[in-house]
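Asker: Supplied in structure tokens, the structure appears directly below.
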Amino acid sequence: MPVRRGHVAPQNTFLGTIIRKFEGQNKKFIIANARVQNCAIIYCNDGFCEMTGFSRPDVMQKPCTCDFLHGPETKRHDIAQIAQALLGSEERKVEVTYYHKNGSTFICNTHIIPVKNQEGVAMMFIINFEYVTDEENAATPERVNPILPVKTVNRKLFGFKFPGLRVLTYRKQSLPQEDPDVVVIDSSKHSDDSVAMKHFKSPTKESCSPSEADDTKALIQPSQCSPLVNISGPLDHSSPKRQWDRLYPDMLQSSSQLTHSRSRESLCSIRRASSVHDIEGFSVHPKNIFRDRHASEDNGRNVKGPFNHIKSSLLGSTSDSNLNKYSTINKIPQLTLNFSDVKTEKKNTSPPSSDKTIIAPKVKERTHNVTEKVTQVLSLGADVLPEYKLQTPRINKFTILHYSPFKAVWDWLILLLVIYTAIFTPYSAAFLLNDREEQKRRECGYSCSPLNVVDLIVDIMFIIDILINFRTTYVNQNEEVVSDPAKIAIHYFKGWFLIDMVAAIPFDLLIFGSGSDETTTLIGLLKTARLLRLVRVARKLDRYSEYGAAVLMLLMCIFALIAHWLACIWYAIGNVERPYLTDKIGWLDSLGTQIGKRYNDSDSSSGPSIKDKYVTALYFTFSSLTSVGFGNVSPNTNSEKIFSICVMLIGSLMYASIFGNVSAIIQRLYSGTARYHMQMLRVKEFIRFHQIPNPLRQRLEEYFQHAWTYTNGIDMNMVLKGFPECLQADICLHLNQTLLQNCKAFRGASKGCLRALAMKFKTTHAPPGDTLVHCGDVLTALYFLSRGSIEILKDDIVVAILGKNDIFGEMVHLYAKPGKSNADVRALTYCDLHKIQREDLLEVLDMYPEFSDHFLTNLELTFNLRHESAKSQSVNDSEGDTGKLRRRRLSFESEGEKDFSKENSANDADDSTDTIRRYQSSKKHFEERKSRSSSFISSIDDEQKPLFLGTVDSTPRMVKATRLHGEETMPHSGRIHTEKRSHSCRDITDTHSWEREPARAQPEECSPSGLQRAAWGVSETESDLTYGEVEQRLDLLQEQLNRLESQMTTDIQAILQLLQKQTTVVPPAYSMVTAGAEYQRPILRLLRTSHPRASIKTDRSFSPSSQCPEFLDLEKSKLQSKESLSSGRRLNTASEDNLTSLLKQDSDASSELDPRQRKTYLHPIRHPSLPDSSLSTVGILGLHRHVSDPGLPGK
């Protein structure tokens, strides 16, 4: 595998560094963004929450002046001093009285420290809070020293006039002699809940006129300006609100020196300039206009006026002496200024801003260095404060990155030297120390032996490697690259330093010169210490553990190396024993006899050569390790036999461990490695196919490598699927145990509920710089941050920094539909997040209602990502969808009417034969569709049920009105195509067209009633429904659909029964065919029920002709009665007798027609089915008659 670079990807470690440095010292601090208005709080630690009693969601996005901690006893000049430090971007420490959430007070030292980015621009503020004990208060008689005098100069005021407000007055007094830092300002009535600040209007010429120069004499005194108006406590504080003037005796003690003046109404205040750039903005010329120092945040606080004789050398001072010396900053009332640069060319006016505003200063003015005192107080170490940016690890000079190319090449070189040491050290110790030729070479000097020179070079290389290891970075447990030399040295001392040091000592060089046997043996033993360098190889083995071929090759090399070592030992045993053996039975003597090179005691050079000895020894060890040997080289002495036994034992273990696992190694070669390379190949193919650009390509590859290192290629979902569900729940509960225990919302849940929640949680790993949620994304999940830190940005402005145990998303129980994100969420470091889908969470809460209330009450989002207008917009969208749905229905019906009128106009010229043919085809279609009417009923929405029932009920009456006159169609103004409408139970468009044809005269009848429209509005616009309410409404809707289906089934059965009774048909009145004499028209009966649905009014006689006015009146009345049935109204029943008499007359006249004409029509009867009709009376309800209606009397 390549060198792991995932650990060293650029990441923002700002939050982690601050927490690590502060939490260990039990600090209580907040972090504020200096580039936004009010310097909003974007992070607070747990110590601050415990100190104040406020939770983190309560503190986030509040101004860093901590207005919510202010109360009646909070000094205004202390608050103003904090505002001064924030405006000037300078470090300062102020003692302030704050209030707990429960209303109790505590005194706290507030320490403001600016944090800069790589350009030296202060991007954030760290505000640290320290308790002040009673002993410290007693030891400090005065927190602020009196003001030193300043020279009297012709100085003019910066006047801010508020003509609509009541202000305080002051009296002209003499000006002190020394105070070069003072800027005198007239302010309005103080805000009672914030350091910041009312809208300041641009000063006028009168406010900066020379006539006000003498007014400054009364302003600068050791005393404070006495408040002469009642100022209420902070609006947002939880403690009882009292009058501030009762709690400010120190502000009333100087009333004798500062009295009222009736001629002027203003309040004096003193502001200390924060930097030299502030003073550069002031000019002597009265026409100088000040430009807003922060171009992106114009807030309308432009100040102008003369200002001179100010010592810039004393400005921006942050030492304790200067803070105490120039103590007039404690006298500032609750207001904020935005000093601007001088610009004489033109005048820039900015729109007014909000009340609470602290304007971020200009970039170049935020270059104050953090003083040594700040570093001592915070104990931050050498790096003082981290920089808020995506940064690669800071590398000190002469420090080598552990993943650099040089280090990789050096490691391979050292590995080769280790292999050389492992091979030649045993060989030199066993074969060369007692060799006569080697002894002669040593006599001429250490450099005569080439092997000694190589050993010396190797020793030097290892010593250099030790020095390099002292300057090589490493990755700690937090996956951070450590480059501090001191930390590297400590880490190396605790690790491999001792082994490397012993292996690098050149022992043979240290004891060179003594030729005794004891020295020779000692040198041989000490040289074996170099074999400890092989431990370096173990450091690299895990990198190649995924490559089966590399592991197999490595094991084979280990096997050969062990055989080499054993061969050296085998020779050493025989060489040591040979002089003491009298019978010469050792394996060396046997070897000399076999190859014809016998030993001669008188000749030291006799016997086998070194090559023969080494090859024979190596042959013996290999044969013994792999088998029991062949016997040509055999042990003869006891020592040799014991060693042979040990070799056989080692051989059996080596053979079983190496060669027995060859198959497993090969399988791993095609398992883990195959998975890694296959996944990597997929990534590369994806990059190639989609032509991913290089920056994004590098991110993909680095994330894949890091994720593989992080999970070792294990898919947790696949692993969990192999276990039973109960075991999966236990595993998930263990994996999410920290989250479920630390989050307050999950406390008190039952074990079953926790198991269900754990099963729904998914773990997400995000690299630094990755955007988890984009602005505008649908919030489908709730996120819990378990490791790392993230930032939330709105328009590329950091609004919050979240760390461990923070929660972000939306309150899922408050909205029926998921909202959209209002910000981007981006990872600063490697993050682990637990997320649960919205539907899964609601499902669990629905299953455990007793836990639901507790969860929804205690769930506190650190940052709510839901857009502000999402809720109202969802309601408007639902209402708009309802209107669109209705418009689509109306337009669809109108199109159907147009097509229907066209068909009717085309059918006006059809003869009776075509009419009969269309009727027969329509009957077949009706028979085919009637069986499917139930499915149509079940698909109709509950809101459309009254409309549908009215339509079905009105259809038979329209057919009857048409057939009473033997007409197929009505006149052009209101005709209906009967053969297409009589059987259209399944087509809702046709069903609506039945109702809309006569509705042209009465448009209000086409739409549902007001009650129905109200029901539609409730069901379609009410979006804030819970899951249980939706289930209940669906159940009610299903019950209503079932009842409707049963009613329709009964209606269809009645229709089929009526169709079966009809055996004869009668031709219409205009037909030339006459009915037979035997035919007698049946009399129509009108069956009256207890609740009559409708009645038809008829006041005129009728003519069978379509041109007769009486006929048209009857048809009109019929259609009106149909519409009344559709809308559910009740009509009079007085006309039923009239209709019955008319029908009897019609039946008498029909006897003169030809019987053949009776067969031309056979119209099906539609049974009315109203919503309130019961099953018992549905069979006899309404008007029943046979189909044939040849005409009326008088034809």
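Numbers here mean position along the shown chain, with the first residue as 1.
Backbone N, Cα and C atoms are what each Cβ position is placed from, and that goes for glycine too.
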Asker: Can you tell me which of these residues Swiss-Prot lists as N-linked glycosylation site: ASN348, ASN600, ASN876?
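Answerer: ASN600, according to Swiss-Prot.
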Asker: With Swiss-Prot open, pick whichever of SER174, SER922, SER934 is annotated phosphoserine.
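Answerer: Going through SER174, SER922, SER934 one by one, Swiss-Prot annotates SER174 as phosphoserine.
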Asker: Near the topological domain 'Extracellular' (571-614), which residues from the same chain, at least 6 beyond its ends, have a CB less than 8 A from one of its CBs?
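Answerer: Cβ under 8 Å, 6 or more out: 427, 430-432, 434-436, 620, 632-637, 639-640, 643.
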Asker: Which sequence-distant residues neighbour the topological domain 'Extracellular' (636-641)? Criterion: at least 6 residues beyond either end, Cβ under 8 Å.
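Answerer: For the topological domain 'Extracellular' (636-641), the nonlocal Cβ contacts are 570, 573-574, 577, 581, 585-587, 590.
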